[in-house]
Amino acid sequence: MPRRTDLTSVLVIGSGPIVIGQAAEFDYSGTQACRVLREEGLRVILVNSNPATIMTDPEFADATYVEPITPEVVASIIAKERPDALLPTLGGQTALNTAIALHEAGVLAEYDVELIGANIEAIHLAEDRDQFKGVVERCGAESARSHIAHTIEEVLEAARDLGYPLVVRPSFTMGGLGSGIAYDEADLRRIAGAGLHYSPTTEVLLEESILGWKEYELELMRDRNDNVVVVCSIENVDPVGVHTGDSITVAPALTLTDREYQRLRDVGIAVIREVGVDTGGCNIQFAVHPDTGRVVVIEMNPRVSRSSALASKATGFPIAKIAARLAVGYTLDEIPNDITGSTPASFEPTLDYVVVKVPRFAFEKFPAADPLLTTTMKSVGEAMALGRNFTEALQKAMRSIDKAGSTFHWRGQAPDPERTAALVDAARTPTEGRLVQVQQAIRGGATLEELFEATAIDPWFLDQLFLLEEVAGRLAAVDALDAGVLALAKRHGFSDAQVAEIRDLGEATVREIRHAYGLRPVYKTVDTCAAEFEARTPYHYSSYDAETEVQPRDRPAVLILGSGPNRIGQGIEFDYSCVHAALALKGEYETVMVNCNPETVSTDYDTADRLYFEPLTFEDVLEVYHAELAVGPVAGIIVQLGGQTPLSLATRLADAGLPIWGTPPEAIDAAEDRGVFGEVLVAAGLPAPAFGTATSLAQARAVADRIGYPVLVRPSYVLGGRGMEIVYDVEQLTDYVRRATPTDGPADAPVFASPVLIDRFLDEAIEIDVDALYDGHELFLGGVMEHIEEAGIHSGDSACVLPPVTLSRREIERIRTSTEAIARGVGVRGLLNVQFALSSDVLYVLEANPRASRTVPFVAKATGVPLAKAASLLMAGATIADLRASGHLPAVDGTYAHPSSPVAVKEAVLPFKRFRTRAGTVVDTVLGPEMRSTGEVMGYDVDVPAAFAKSQAAAYGGLPTSGRVFVSVADRDKRSIVFPVARLVELGFEILATTGTADVLRRYGIDSRVVRKASDGRGPDGELTVVDLITAGEIDMVVNTPNGQGARADGYDIRTATTAADKPIVTTTQQFAAAVLGIEAIRRGPFAVASLQEHDAARAARETEGVHA
């Protein structure tokens, strides 16, 4: 059946901001879908609040709405655009839940909009735990014994039948949010309480414990003719109990017998048919008892999921693209396989390699969080690797994680028996580093039986780790490194650095020996069919195998180094810039993407001309360069777009003779080295906050005394404010050094392993961010962003406004001339990000980064200027004048905005509700100089209040328009809150406050109701504390600023209760003032919606009138 002719326009809902459990994989899925639907001649309308996505680039849809994904806003877009159909299966749980809400509100029926890709009945059957249990029974399969509950009373009743431990799973949530394993009644009350709260249907499933069972997933697709394909089987290395997003996973499943696999396949096909998914894909999770082989079906996602992205990249089978075609009427046998060009999508992929995915965590950003891995997903990113065997793929994936301690190591002596026993004991608890603990225990002599008993990891996987230990033993035992043993190590994934560690040699020496033996990796191709048909798409992975499959080429190649796994501080924003470079340089150059993140658009096989799915280490990049050099000229390597990961390789790559494009490595070092950068600022006459560099505690104290407290301390060469703190006195400085600074040298006089930077902290300064382009002669200023929060909160966590609202024309001119002086002094070619602080009319330079920043996509969306594309063309040799002439850049840059320009607000999205302390409470929500946000949204409207209100709706579900607001602020903030509180009273809000804040408000004539602090306990007549009121849902918004660095217990209790209750929490006075303006904007009426294309047309109209935009 060809495409349906009754559909002319489709609304696609994206997934919104990057959050734990719903990340960049949905940008990849949505981008593919939008591309396909437009190829089919359909008008595509897209709504997504995340400006850092490729899918929100105006060329991917006919009407692109960067608006909050709420039922009310999407209903406004439907009323305006009148689409024929709504496709909700490519935007994660957010899109699915929004579609259900629109259906239940009657909006889809009112505007005659058909749901495609999934029907409401199928969504309910798959997502509603009780109904899905019935589906499984009708298919002749088993679920775990379970009960459904809607209240805590029902939960406790179910526990009496099921016993402990038991698993709590809420309906209609993603990433395991609100789920957990309860070992007793106290656990159960806490976990089930959260689960009922987070489930939109206030429903949880309580099921018998299947902890320790083996966990598998099948990725399936079905069309309207009932053709079903199993795209991929995935096996979790960790047993049931760890969320699949937090487990190391393997494709294809390796420890199933053929009979077991066929059983899972039969059940999976029966379930997809019974649920009724007939125009798309789904993911089904299974548990298998390791001894009896009993199979239970855990759950199903009736949509494109995180696993779909992994399965797509693992097999080369583009699930999202095919799902979009199925949704508009095609059948699987009518859709061609892009990679072979000669087989249809109804041919199931076959793998002749092994794929391993390893998650990346960010517990270091949340020191109070419990590092235990459970059924609630906590990882912030992932890396994937391909190899000819499991050990090769595993070791490549572990080094792709790009984090200290994430790889197997053989440093020093093997652990003694006592330490080995401790390692085995520690491995009983699933944590981020469990596999490394197992490997170290094997070094110390632990047996396979001991480790299986401790971890319940399948013996086959454990045996593979013993195999690695054998290879390491052979490496250590030989007198000299011969070709045979070195080739054996490389076939098992050992890096040159690991071999060097085992042999006590330098990494460069090992590389020289390896090259002398002619030992280099070859590059195989992902072809979906185990070499049965010829592959037309160059999607490569390395292996120490026989023959390479890299084809000769005529055009010069450009290597673009991606950003690796998402992490806090280096996320999808950097992938965005890499994709833009690939798109801009295609044609004149052969674009070659090197990356290892399966979630992203950059690792789609048709983004660049060639894709190498490889770790971003010096060794791996060097080998890709050599492979490409062997088949044609290489013009250059781009390192400035992928964040700190590729940037940190720049100097070593240049020293090895590789042609680095754009800003040279010595200029990158000049911006990072405080001494050299200080000289650039002095030469340009630009002030910076007083600073110093220390390599010991004594030096650190002397520097802090000289420049005066408070000071900002941090290690050098970090991204995302890693390890950065504001320190108020010498005791805190000493504590910081002991906690956060690795040291070398003798115990009585330790020396820091790398210098610590100490800056004077500017209190009450306005922080400003600038993104600009420089070609060596001319500056193009992309945009000036003014932060809503004052300096001291990491720029990645602060809300910011473009164009700036309180900066004068004179101040903006100073910002422009200062940016140009820095670009010239450092020697930038390409992108530059500068952060300034304006304090007492002095413009201080905080830092400069000669690379793509995380604000580049936001500036591009707000101004319509593709900065990353322009930067890549500058690196290729163009000038800013050339780019203006070719239309890549407008005639006038973004220094000054037209008075009628709309306002864009970027808001950070923080993952606090995912992280709980060991006591079970949410971690503290206070912001500081270390970045903690996982993603961002954009609010776009005619003025700041409306844009800010949209940003809050997009990030956190919105601001209240009536009800109760609780206010308790530090003494220094009490004067600042008077006017915003007075305005809330005028708007009809009831104000609750603690005694101190209430006294100040009373003196200003503002009535408030005094409530008890948590530390006061309940009153003599049972009066509730503020935490009780928040938990009971009786407070609609909380304003609480932290009280210096002293005792924070009350504030902590208030903030964590607010986060757990899912209510808006404001922790700075500037944010409070903006929130009050936002509340007023909401009360004036529903949000107006406008597409980026409409904004671009208005901007063009202003320019043709002779007034710059």
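We count from 1, first residue shown onward.
Cβ coordinates are placed from backbone N, Cα and C, and glycine is handled just like the others.
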Looking at Swiss-Prot, ARG714, ARG760, LEU762, GLU767, GLY792, ILE793, HIS794, SER795, GLN835 are annotated for ATP 2. Which of GLU820, GLU847 sits in that same site?
GLU847
Of the binding-site residues listed here (ARG129, GLU208, VAL242, ASN849), which is spatially closest to ASN301 (Mg(2+) 2 binding site) when Cα positions are compared?
ARG129
Considering Cα atoms only, can you say which of ARG129, VAL242, GLU299 is the nearest neighbour of LEU762 (ATP 2 binding site) among these binding-site residues?
VAL242
Number of helical, extended and coil residues in the region 'Oligomerization domain' (403-548), per DSSP:
74 helix, 10 strand, 62 coil
On a C-alpha basis, identify the one among ARG129, GLU208, GLU215, VAL242, GLN285 that is nearest to ARG714 (ATP 2 binding site); the candidates are the binding-site residues.
VAL242
Under 8 Å by Cβ from GLU215 (ATP 1 binding site), same chain, sequence gap 6 or more:
GLU235, ASN236, ASP238, PRO239, VAL240, THR244, SER247, GLN285, PHE286, ALA287, VAL288, ILE298
Nearest recorded site to ASN849 (Mn(2+) 4 binding site) by CA-CA distance, among binding-site residues ARG129, VAL242, GLU299:
VAL242
For the ATP 2 binding site, please report the maximum Cα-Cα distance among ARG714, ARG760, LEU762, GLU767, GLY792, ILE793, HIS794, SER795, GLN835, GLU847 in Å.
18
What are the helix, strand and coil residue counts for the domain 'MGS-like' (957-1102) according to DSSP?
68 helix, 19 strand, 59 coil
Around GLU299 (Mn(2+) 1 binding site), which of the listed binding-site residues (ARG129, GLU208, VAL242, GLY792, HIS794, GLU847) come within 10 Å, judging by Cα atoms?
ARG129
For HIS794 (ATP 2 binding site), the number of other Cβ atoms found within 10 Å of its own Cβ:
22
